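Participant: Just lifted these from Swiss-Prot, have a look:
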| type | residues | note |
| --- | --- | --- |
| BINDING | 192, 293 | Fe cation binding site |
């Protein structure tokens, strides 16, 4: 039997259930990651375990209860669907596994299943289109933590980012077909935020967050999360023929009092109303699966706030989830990153 290529799809993670104790456990694991809150170990542990989680887990539990479906966590449900559909189109030459950076199924479990399958190479595919140390970087670090214990380490391919890949862009544009773009006054491309400090930390040039430094990606800012977000938004807007003056890139999900990358989505909603833009369509291209940040934060909380302040409508473009166009995009991205042609792709 020919050895197969292993594909490990990795997303952020989800609590086992929306119950407070499970949310508590999830938040502790997530927020004590040194790449997520990059403070010295003791300070991070005290901040997370004694302040952030004890004060947030019950509120987060209530949000997860709104998000949860009869099938379970949407992030996990959609993830399993992506895994299943990708396996079907890739065929027996590949083994596709799903893992979560935090909680289950874990990265260690996914790697062990690939090891048992005796795969000759492994492709690590983080489900984060834009690179950030707190997401993709953390995934790669966790993968190496476990692989370094293996006697025989297979050929590894790490996919770092794909912010303007035609497949990703095409999939979001396919989702946008559900909406009549002509009825909206303005468009927001809302990405998950990061502390400014983390963005600067990855910069070796001293130019980070200076005027227009994120508008074009070059060798100096190739790993800049904010620059990659602008690149994603520009590609989607261009394909949908949304003009530059019709949209803004913004950032959501801020945690704590530290300055995060701006503009903040919540502030832009108020700015839209001040400019009489009352019908808004929001894209969230940092999230390929609908989750707490899209379904609850944008589609419920921001939409309610916008209407309360005098807006007419705020609609969210549905996530890619397990849409067939997205599955094909994943296949293409994998194909482009494999170190050699694969018979499955040459048919």
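The backbone N, Cα and C atoms fix where each Cβ goes, and this holds for glycine too.
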Participant: What is the Cβ neighbour count of residue 192 (Fe cation binding site) at a 10 Å cut-off, with all protein chains included?
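Facilitator: So the number of other Cβ atoms within 10 Å of residue 192 (Fe cation binding site) is 24.
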Participant: Please report the three-state DSSP label of residue 293 (Fe cation binding site).
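Facilitator: It is helical.
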Participant: Report, as a single number, how many Cβ atoms besides its own are within 10 Å of the Cβ of residue 293 (Fe cation binding site).
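Facilitator: Counting Cβ neighbours of residue 293 (Fe cation binding site) within 10 Å gives 18.
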Participant: What does DSSP say about residue 192 (Fe cation binding site): helix, strand or coil?
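Facilitator: The three-state answer is strand.
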